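J.: This is the structure I want to talk about, given as structure tokens.
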Ligand SMILES: Nc1ncnc2c1ncn2[C@@H]1O[C@H](COP(=O)(O)OP(=O)(O)OP(=O)(O)O)[C@@H](O)[C@H]1O
């Protein structure tokens with residue numbers, strides 16, 4: 001069986017083993033690693049492009065299909081565990097390569113994060129920027145079925161209210177919106193019975209959308225309703241991973257004009273992009289659908305490149321990297337979302353990339369994350385770091401892992417007591433009832449010496465236990481290092 005021969009079935013067949021290896025990795029993570037994300041580290045307001053990641057949850061149907069979760073979220077990193085088999089194809093030669101993608105200035109939202117959390121961290125600053133008289137754009141980007149529409153729909157509900165509240169405090173504005181969808185090279189007006197709209201090129205190469213309907217908006221709920229009304233009219237098809245997949249780019253633009261002068265005050269663009277598909281998922285498409293998939297993928301590539309160049313120009317103030325707007329219709333239509341306006345203010349862009357947790361989507365998830373890293377910077381270090389190679393060798397693949405020491409900080413109450421009872425030939429056994437039931441391994445490892453002595457009722461016993469904790473922790477760290485070394489050698 002070759003590495004490329006049905007890699008996904010192999011992953012599913014050996015799911016139990018791979019899940020163990022991933023759990024082993026998670027057990028060794030820092031304490032704060034899997035806690036829900038917070039907005040404590042906001043992206044700098046200077047960043048013109050901010051990229052956030054959201055992982056969608058596993059569904060019942062995924063579990064039924066034998067799928068498992070291969071994506072680990074930390075506050076500012078996301079790790080994808082690529083479950084592989086060794087190229088020699090010997091049975092039981094399975095290993096996991098874990099790729100870490102860093103998002104130091106923004107956030108990774110795990111499968112437990114709510115849309116409210118995503119809004120507060122990712123979108124609220126953009127809405128504030130727009131309400132202050134600027135240009136802002138938000139994209140939802142990711143694989144088909146990874147949660148783009150779910151995310152943007154929830155975000156629009158929150159932002160529509162917020163935007164109108166903020167505008168209401170500042171004066172009189174007239175707000176209008178347009179909703180179009182882009183299918184291949186053609187744009188359709190979702191507010192005019194799907195009428196085709198012409199895209200004309202202006203003198204400066206900008207693309208002007210002609211004849212599409214402008215709808216007046218008086219408040220946030222009208223905006224939300226309009227967004228959802230148009231979204232329902234979008235072109236959808238069933239894909240292998242989403243029975244109701246959006247196969248067009250949906251672009252909703254909101255124009256905020258000063259009622260007194262009639263001049264444009266601000267502009268907000270929201271894009272729910274069509275989902276990218278893997279080749280293997282489009283195997284059963286007819287010619288039309290294959291063409292559509294190829295167009296979607298190439299327009300997404302063009303957009304990614306534009307966003308990257310915009311970020312580069314901001315990074316290296318002074319140098320002017322050519323921004324390839326002309327590569328696709330999508331980027332031509334969105335050109336004015338990226339260009340410095342008459343007020344000499346830079347437009348801000350927020351990208352929310354959504355990823356699937358499934359083992360079968362591993363390659364696609366890695367690809368999405370590589371692209372988002374490139375959108376943020378030209379730095380090649382940001383394209384995913386191969387961190388760990390965990391291996392299982394030989395006829396009994398579990399053997400090796402059963403000798404792995406569990407760090408104290410990861411032990412439950414029961415495991416902690418079992419460990420304390422087992423050290424120094426059972427010397428602490430008779431004191432086990434003295435330990436508080438609220439204590440787990442993490443609490444034990446954080447107890448100061450005084451607290452240990454107080455619990456055990458003896459200074460020397462307290463110091464003995466502290467020494468044991470330190471020795472055991474050293475052993476764990478040493479084992480981890482050794483394992484990493486072995487893995488490095490194996491992967492050579
Ligand atoms: N964070 C989430 N929490 C709960 N359900 C979610 C989440 N993300 C996605 N879903 C569900 O997953 C399914 C697919 O999501 P959605 O349609 O938003 O994907 P998509 O990326 O827009 O797909 P496509 O590109 O094919 O249109 C939907 O049923 C949606 O409700």
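For all residues, glycine too, the Cβ spot is worked out from N, Cα and C.
Predicted automatically and left uncurated, TrEMBL annotations should be read as such.
What TrEMBL records for this protein is below:
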type	residues	note
BINDING	142, 143, 144, 145, 146, 147, 148, 149	ATP binding site
DOMAIN	48-378	domain 'Kinesin motor'
J.: Which binding-site residues, if any, among 143, 145, 147 have a Cβ under 6 Å from ligand 1, given in order along the chain?
T.: 145, 147
J.: If you average per-residue pLDDT over the domain 'Kinesin motor' (48-378), what number do you get?
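T.: Mean pLDDT across the domain 'Kinesin motor' (48-378) comes out at 84.
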J.: In sequence order, which residues at least six apart in the same chain have a CB under 8 Å from the CB of residue 146 (ATP binding site)?
T.: 56, 275, 354, 355, 356, 361, 368
J.: Across all chains shown, how many C-beta atoms besides its own are within 10 angstroms of the C-beta of residue 144 (ATP binding site)?
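T.: I count 25 other Cβ atoms within 10 Å of it.
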J.: Can you tell which of the binding-site residues (143, 149) has the fewest other C-beta atoms within 10 angstroms of its C-beta?
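T.: Taking 143, 149 as the binding-site residues, the minimal 10 Å Cβ count falls on 149.
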J.: Can you check what DSSP calls residue 146 (ATP binding site), collapsed to helix, strand or coil?
T.: coil
